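Working notes, structure below.
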Amino acid sequence: MGDNLKKRSSMTTDGDNRAPNRAMLRAVGFTDEDFHKPMIGIASTWSEITPCNIHINKLAEKVKEGVREAGGVPQIYGTITVSDGIMMGHEGMHFSLPSREVIADSIEIVSNAMRHDGVIAIGGCDKNMPGCLMALCRIDAPSIFVYGGTILPGNCDGQDVDIVSIFEAVGKFNAGKISREEFIRIEQNAIPGAGSCGGMYTANTMSSAIEALGMSLPGSASMPAVSSRKANDCYEAGKALINLIQKGITPKQILTKKAFENAITVVLVLGGSTNAVLHLIAIAKEIGVGLTLDDFDRISKKTPHLADLKPGGKYAMTDLDKVGGVHGVMKYLLKEGMLHGDCLTVTGKTIAENLKDMPDLVPNQTIVRKKSEALHPSGPLVILKGNLAPDGAVAKISGLKKISITGPAKVFESEDDCFNAIMTDKIKPGDVIIIRYEGPKGGPGMREMLAVTSALVGKGLGEDVGLMTDGRFSGGTHGLVVGHISPEAFDGGPIAIIQNGDKVTIDSSKNLLQVEISQEEIDKRLKSWKPIEPRYKTGVLAKYVKLVQSATNGAITNLL
């Protein structure tokens, strides 16, 4: 241990010319000995604005202890987070996906400016995970991601409840299915404390994907936020990073095409969020791996859906943790030949080596099925194409009895207009809702539609109405819904010229998304289509519109 591990920070601390730099560092606690140790950046997404992140400062301190114990000198710094749950359903959601880019940019800026020899990033809410990983890819110093952990379920009248319970209660209350008293009780009990939303929603999906990628320690993905195990996970991550520096292992050696195939497989088996498609493509682009919708389609067709997890199933992430966690699932998949066991990880060992001594899934548990008893023989994330989405779209079919619908289009130019129509009973069984100008540029920010989809479920329309959009869906969404339609309406995609009453089809069994009008009619309408003006003229969203790429490219803003 010593100066030979300071491959980056030596330019900040070494030599007579760096005396002013060292003077500044002494003021924040550095000693003479510290200048001979590797400098470690700890990127914390702590914030008081969301339960997903409210505990992360304590976790960052545990990481700091581990780094110190292993011979490094740690520096905690902050980056932003927003709360998808709190922003949902209003103008604030425009800022959600752009926050991913700001997280990535800010971590890249700080750790490259300080010349950190290694970086540990700690994330909680949805956009933290991909934002942190994108930054670690750009920096490409030895790095580890630590997940803040999943929330414990709430309890209302003896039943487990969570964030989706209260979103769906809005529709139920409006439809007269529950009393105001029950409505209020659900609100008061849905979120009991710290941690990320508890089903296989976006945060838990991405934590699982990151463990499968090899960028977090085995077992990290499914641990509850409030637990001694999570605190120890953080401590061990701090120690493990010094091992990575000693071995010279960086994200570029870990994040290979096969690693991304592992992540996709785990997401599909668990019934993960559609957002994983967007985020994994974005992370892959940052590290220089070619990953496309076709890869998701190829893997989905041969990967069964095995885990009975919310939103389409019964169980929460804490339930999965009790029967073996994500690493238990991965061990089963490796035995079944469904994972690449030779992929390197942040332990310095391969996936197969990590899993060798990990426990199997608990016998006779009912959360994760065997391949022979799969919930569905193929993956629940389905890539659709057709004359409505020439470049592709993404659907999720887990928990659905119907996976196709043909019906008249009900067209809305924004999520807000659609939500009002649902709440005033203007949507009927058999309708196919079109919400457009909600894409990366058109929204801007590709808003999530949990308020809309939950209102449909609460109204009893979840199985009888289709919904398609160039926006996104929350990991908590379930129903016959299609998002990420590309090209988006703002760019003149065919979704821009659909008219009320056009017959449209969502057919997940055929990977088809189409409007039943002739190509000549589509071309005619597109010729008369006029682009809309950007909704924001100044500020971060105006800048975002100028930089953001399509959903099929991960909605990245990096100039790759």
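Cβ coordinates come from backbone N, Cα and C, glycine included.
[2Fe-2S] cluster is bound by Cys52, Cys125 in Swiss-Prot, and the record lists one more residue there from Cys197, Cys234, Cys343, which is Cys197.
When the candidates Asp84, Asp160, Asp162 are compared with the Mg(2+) site entry in Swiss-Prot, which names Asp126, Lys127, Glu448, the shared residue is Asp84. Within its own chain, the region 'Disordered' (1-20) is flanked in space by residues 35-39, 71, 114-117, 141, 242, 245-246, which lie at least six positions past its ends and keep a Cβ under 8 Å from the stretch. The sparsest Cβ neighbourhood within 10 Å, among the listed binding-site residues (Cys52, Cys125, Cys197), is found at Cys125. Other Cβ atoms within 10 Å of the Cβ of Lys127 (Mg(2+) binding site) number 29 in total over all chains. Fewest other C-beta atoms within 10 angstroms, among the binding-site residues Asp84, Asp126, Glu448, are seen around Asp84. Its own atom aside, the Cβ of Ser474 (active site, proton acceptor) has 30 Cβ atoms within 10 angstroms in the protein chains shown. If you take the Cα of Cys125 ([2Fe-2S] cluster binding site) and the Cα of Asp84 (Mg(2+) binding site), they are about 7 angstrom apart, rounded to a whole number.
In this structure, the C-alpha atom of Ser474 (active site, proton acceptor) lies 11 angstrom from that of Lys127 (Mg(2+) binding site).
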